[in-house]
């Protein structure tokens with residue numbers, strides 16, 4: 001365009017803009033802007049400030065709970081307040097007159113459901129337990145729907161029976177109540193009446209031969225003890241980054257949460273496996289119930305309210321397997337988060353009305369065991385760090401104190417990391433991983449509290465066992481092959497877009513450095529949103 005024509009062109013543009021700004025559209029935009037400013041000042045800002053305050057309060061509550069558990073666990077370690085030093089646990093030995101009758105009768109229960117990759121390991125480990133053969137009954141509760149797997153499990157039981165083991169293979173014609181239903185049916189067999197104690201193992205657990213000789217004495221010599229819980233040791237912790245981070249969380253659970261509960265008030269949540277129960281305590285508590293997906297915790301709470309004690313013996317470790325695929329881990333975490341929230345909803349009145357325990361223990365169960373650890377911790381992790389803090393970059397009026405942004409989460413993170421010092425260098429990855437998983441845990445807690453559609457969803461955690469070591473890549477790929485779009489998780493991807501927008505806005509307009517954590521967190525949501533985490537099943541190409 002020639003220079004002498006440029007000025008008239010700009011004038012025409014200016015006139016066009018003037019016409020637009022004086023049009024009804026401009027009036028509408030001005031009104032919308034005015035309404036938004038009023039809503040922002042009167043509603044959005046106060047709501048954001050209230051959300052920050054609520055999240056800070058929850059953060060402090062979670063911090064106090066974490067610190068108190070850590071101090072109790074530290075006390076137990078420094079002053080050697082271990083169960084072996086508190087409770088009598090002298091080994092059981094054969095009597096010259098009674099012989100093996102000096103040993104109590106023990107039932108070993110192993111519930112299974114299509115456990116093709118691990119059934120041999122658990123059955124073999126149970127049959128190799130060091131206990132008189134005439135004083136132990138091994139009960140395989142097989143709910144498998146795959147007839148081929150069912151036949152394999154049955155033949156494995158027959159093999160060990162032929163080697164002199166008292167092993168029972170039990171099935172049922174439905175899966176009512178899932179694991180709780182199977183355990184309940186298993187208790188109905190006549191031979192169970194001869195047993196005093198029950199040792200329980202999931203299909204991927206491999207107890208050491210001395211497991212019973214180290215756990216049962218606590219029950220024999222201490223009539224007030226209902227449960228002896230052992231620690232889990234993970235055989236596949238080094239399989240991938242996801243299993244390493246799971247190990248960090250699970251080690252904290254056992255070394256701090258279970259240890260502190262056992263030390264402070266002889267109460268904690270039964271882990272559902274690697275434990276030995278007194279049958280009398282199970283019966284007095286009302287037996288197995290399938291009203292939630294955490295039948296193990298349900299039983300433990302009812303037994304604890306009945307006055308029974310539970311002890312955690314961390315020196316006894318049982319080999320087990322962590323879920324190594326993201327799909328399996330998501331299903332597991334949904335069950336572990338939804339179930340406790342749903343149980344809390346159903347048992348709150350029972351806890352308040354319990355007559356055999358003190359007010360202190362009721363407070364501990366309601367506040368510490370349920371509210372702080374299983375509800376608030378999930379809420380604050382997701383809403384504060386993945387919603388409120390990122391959203392605050394758009395509202396300069398919303399101030400978040402440094403102690404809430406830095407000091408509290410740093411302290412909580414360090415406390416969680418003490419369980420696995422060897423993985424401390426992975427702490428940043430662990431934070432990002434846990435923040436992503438908090439989305440699913442928070443959603444599951446809400447579903448459990450409201451008892452919504454998926455509250456009683458039970459998906460058995462898939463185990464790979466030695467599959468990747470013993471099978472060819474082609475066979476594994478054919479069984480576990482999935483298309484790319486089947487691995488997409490749109491909630492994670494949606495959060496990733498949201499966090500990326502917040503990070504970019506903070507970088508360009510706010511300069512308060514929230515983007516330093518928001519960018520990596522957004523990338524973590526992207527990576528997990530496309531399913532690129534955990535054990536990646538090899539291609540058959």
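Residue numbering: from 1, along the chain as shown.
Glycine is treated like the rest: Cβ placed from N, Cα and C.
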Stretch carrying transmembrane segment according to TrEMBL (options 333-353, 354-374, 375-395): 375-395
Ranges in play 43-64, 65-86, with TrEMBL marking transmembrane segment at 43-64
Same-chain residues at least 6 beyond the ends of the transmembrane segment (43-64) whose Cβ lies under 8 Å from its Cβ atoms: 372, 376-377, 379-380, 383-384, 388, 391-392, 395, 397-398, 400-401, 404, 408-409, 411-412
Same-chain residues near the transmembrane segment (514-537), Cβ under 8 Å, at least 6 residues beyond its ends: 239-243, 323-327, 329, 385-386, 389-390, 392-393, 428, 432-433, 435-436, 464, 468, 476-477, 480-482, 484, 487-493, 495-497, 499-500, 502-504, 506-507
Could you give the residue numbers and ranges of same-chain residues that sit at least 6 residues beyond the transmembrane segment (488-508) on either side and whose C-beta is under 8 angstroms from one of its C-beta atoms? 386, 390-391, 393-394, 436, 439, 514-515, 518-519, 521-523, 525-526, 528-531
